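Remarks on the structure that follows.
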Amino acid sequence: MNPPEVIAGQTLALISALVQIPVLIWHSKQKNVATLCLVGWFLIFNLHTFISGFVWSSDNIESWWNGDGTCDIMVRIQVGGHAGVVTATAALARNLSIIISDQGPTIDLNSFRARMFDLMLALTCPVLIMALLVISQQSRYMIFQYQGCTADLSAQWPTILICIVWPPIFAIVAVSYSLLALVRYIRKQNDVKNFLHCTNSGLTRSRFVRLLAFCVIVAGVMLPLTIYITVKDSSNIDTSQGYSWSRDHNSDWAIVHRFRAAGLFMDQWIYIILGLIQFACLGTGSELVETYRRVLRLDRRQEKKLLESSSFSSPRKSRGYGDTSPTTLAYSPSAHEFEMHVKLSKDDLP
């Protein structure tokens with residue numbers, strides 16, 4: 001049985017993941033690349049937290065699943081995703097700052113070129129980190145109780161260039177664009193509704209404010225977090241020696257180290273909370289609320305149809321186990337048989 005803290009974390013992680021699905025579907029239809037990437041990272045992280053709490057929960061570490069294949073992929077997604085959250089936030093905040101700028105009405109953010117730029121800004125850095133991670137791994141991965149697969153980073157200097165330095169850099173970019181969009185919004189506050197109407201963004205004032213608030217919150221949380229992780233991890237890096245591939249990738253590289261833990265890690269809680277905040281900001285707008293209502297109405301109609309069909313098909317009287325009355329089998333002639341009977345009866349008349 002998992003500790004109460006872990007059970008609470010798993011429950012909130014599942015809720016955080018599930019409420020992001022309708023947001024993900026809606027923004028996929030709108031082709032909002034940056035928002036899709038950001039919501040996708042939260043969905044992956046929270047699902048991983050929920051599942052890992054079951055798979056690696058036993059106190060007997062020898063009985064744990066080794067994670068072959070799955071963990072090799074997951075540690076790359078984790079390390080790349082830490083940077084991916086801030087790169088996607090930077091891309092989203094950049095779009096908001098452009099929309100509210102004086103040139104906003106003349107810029108088409110729905111064009112193929114604009115969407116490709118968003119995709120490159122949001123995913124180039126995470127994909128490169130995933131591809132180059134093997135250089136900075138001193139073992140395949142580690143497994144922590146309740147957290148599951150975790151990257152085991154080397155103490156050599158390439159780790160700084162590949163994994164450590166990029167999240168705080170893009171967090172600063174995300175904060176800068178978020179503050180720029182916020183300042184421009186405050187300056188145009190009295191005329192924002194008409195200004196947004198002149199753009200081709202399709203944003204209402206309410207939706208713009210919710211997106212901006214989400215960017216400010218995520219950027220504000222991720223900046224100190226990434227700086228803290230960077231300072232902490234950099235202190236373990238030995239830059240006095242040159243890089244040696246064989247120092248890390250030796251005969252012990254394939255060994256999977258396993259560790260017990262008291263509960264969930266800090267970054268897991270942060271992604272759970274950010275996922276819930278994301279739903280509060282992006283999943284409660286009028287456009288999605290109307291979608292929820294349509295789904296509920298559809299479910300009610302389907303339920304009503306099922307009830308009606310079952311009432312027509314059910315027998316009028318059912319025999320119970322204690323019913324000893326004789327069974328009567330009623331015969332109902334078909335329409336064709338009835339017509340033939342009438343015809344024969346007429347022929348028999350004198």
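Our numbering is plain: 1 for the first residue shown, then up by one each step along the chain.
Just so it is clear, glycine is given a Cβ too, placed from its N, Cα and C backbone atoms.
These features come from TrEMBL:
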- 6-26: transmembrane segment (TRANSMEM)
- 33-57: transmembrane segment (TRANSMEM)
- 77-96: transmembrane segment (TRANSMEM)
- 117-135: transmembrane segment (TRANSMEM)
- 155-183: transmembrane segment (TRANSMEM)
- 211-231: transmembrane segment (TRANSMEM)
- 269-289: transmembrane segment (TRANSMEM)
- 309-332: region 'Disordered' (REGION)
(request) Please give the sequence-distant neighbours of the transmembrane segment (6-26): residues at least 6 beyond its ends with Cβ less than 8 Å from one of its Cβ atoms. (result) 36, 39-40, 42-43, 46-47, 49-50, 53-54, 57, 146, 263-264, 268-269, 271-272, 275-276, 278-279, 282-283, 287-288, 291-292
(message) Should anything in the same chain at least six residues away from the transmembrane segment (155-183) have a Cβ under 8 Å from its Cβ atoms, list it; otherwise answer none.
(response) 79, 82-83, 86-87, 89-90, 93-94, 96-97, 100, 125, 129, 132-133, 135-136, 138, 212, 215-216, 218-220, 222-223, 226-227, 229-230, 233-234, 236-239, 241, 243-244, 247-248
(message) Within the same chain, where does the transmembrane segment (33-57) have neighbours whose Cβ lies under 8 angstroms from its own Cβ atoms, ignoring anything closer than 6 residues to its ends? I mean 6 or more beyond.
(response) 2, 6-7, 9-10, 13-14, 16-17, 20-21, 23-24, 27, 64-65, 74, 77-78, 81, 84-85, 87-89, 91-92, 95, 115, 118-119, 121-123, 143-149, 211, 218, 264, 268, 271-272, 274-275, 278, 282
